[in-house]
Amino acid sequence: MSPEDPQETQPLLRPPEARTPRGRRVFLASFAAALGPLSFGFALGYSSPAIPSLRRTAPPALRLGDNAASWFGAVVTLGAAAGGILGGWLLDRAGRKLSLLLCTVPFVTGFAVITAARDVWMLLGGRLLTGLACGVASLVAPVYISEIAYPAVRGLLGSCVQLMVVTGILLAYVAGWVLEWRWLAVLGCVPPTLMLLLMCYMPETPRFLLTQHQYQEAMAALRFLWGSEEGWEEPPVGAEHQGFQLALLRRPGIYKPLIIGISLMVFQQLSGVNAIMFYANSIFEEAKFKDSSLASVTVGIIQVLFTAVAALIMDRAGRRLLLALSGVIMVFSMSAFGTYFKLTQSLPSNSSHVGLVPIAAEPVDVQVGLAWLAVGSMCLFIAGFAVGWGPIPWLLMSEIFPLHVKGVATGICVLTNWFMAFLVTKEFSSVMEMLRPYGAFWLTAAFCALSVLFTLTVVPETKGRTLEQVTAHFEGR
């Protein structure tokens, strides 16, 4: 065994085959960390009720025009892309716990700036700050949870990251019914504040502590999280933290998971989910549902329910099966949604949203049928996304990278995800103008089909494996 080999010197924390940890505090620690994803879910969902509220106001009150509204929805993803870079840097230097604590600062500050906004630039600045926090939380929370969880529950706890994201989105939708945009921003300060309080009492991950040569602290963390360190294999004495070097990209244990991680994030965003969630109210308004806010809340409830189902079956069904099933469902649902717009393309429209067609011009029986096609395909897409392509890319990102490159590698993946989210969100309307709405949704269906092929041919199964066994798989050991 060579002490210079980072693969051989990283800590091995895994229980023996005959014993499974039963500590319950790991669930409390995971909940505390998952309040970060809850916060960034709220930040994502905030734009949906806030934009209509800000566009309804009359001068001299603060009001958003069309271009400013587009940036208000999209700028959070730019901040999140920068947050992905910052989070990758913090992850290996400040540690997992401190990184989560630090990300509460831009969350609270950003929502406070929005609350006090007197002009559009303050609104955009506040959104940029919350986006920065979103990027850090979306990277650090999955890593923290995957490193404190034992294999038997890692899929369940890791899926709770996405569950908290969609819960945050739903919370923003529901609160948007009764709260004006300023008070809605005040509510956005609550989850990160609660995370700050809870995380102060949670331990650093044992794996990170071992890279810092803090053996006693690592064992204390194990006892706190799992109830006892008894039965666990003693990690190698020479375990130490190794920095990222470009030469490491020649190793299959590095470049293979990096390609997979980046591809997962690209396919997740090309499914069109963020465009749909950012413009949920507008899309349902164009479909002529009487209460578009109610339709958006319905979508949020479906997303929460099916993400919860995915979390419960993740460690039984496995990652690959759920990804493939999710992709197939999204192909059919987006194809159907595109068909809805194709059937209505020749009708006159008074819409201001890229020529989307009101179904009210049709006879009543046709109108009802088309309305059900629209809402049915949208809900089917959300359900399909929630059981696979919603939670699993984040879960796999936290599982497939070796400890010594996790900060840089996950940072690259998160940067990719949020940059793609910005492009899709900002340019979705332009694509709909260029290809027509039906063409835009059929294009997303094609990307979903490619994601199924990618899953079946490239993505490995990590169910039931320790993080070290996953690394060994990529190394061919």
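Just so you know, glycine gets a Cβ as well, placed from its N, Cα and C.
Relative to the membrane, Arg25 and Met397 are recorded by Swiss-Prot on the same side. Helix, strand and coil residue tallies for the topological domain 'Extracellular' (426-438), in that order: 13 helix, 0 strand, 0 coil [DSSP].
Outside the topological domain 'Cytoplasmic' (389-404) by six or more residues, the chain places 6-7, 10-11, 138, 142-143, 145-147, 154-155, 158-159, 161-163, 165-166, 207, 211, 241-244, 253-254, 257-258, 260-261, 264-265, 267-268, 271, 273, 303, 307, 310-311, 314, 319, 322-323, 326-327, 330, 410, 413-414, 417, 451, 459-460, 462, 467, 470-471, 474 with a CB less than 8 A from a CB of the stretch. For the transmembrane segment (128-148), the partner stretch with the highest count of Cβ pairs under 8 angstroms, out of 71-91, 157-177, 183-203, 294-314, 321-341, is 71-91. All protein chains shown were included, and the count of other CB atoms within 10 Å of the CB of Gln268 (D-glucose binding site) stands at 22. The Cβ of Gln269 (D-glucose binding site) lies under 8 Å from the Cβ of Asn417, Met420, Ala421, Leu423, Val424, each on the same chain and at least six residues away in sequence. Long-range Cβ neighbours of Gln162 (D-glucose binding site) (same chain, at least 6 residues apart, Cβ-Cβ under 8 Å): Pro37, Thr307, Ala310, Ala386, Gly390, Pro391, Trp394, Leu395.
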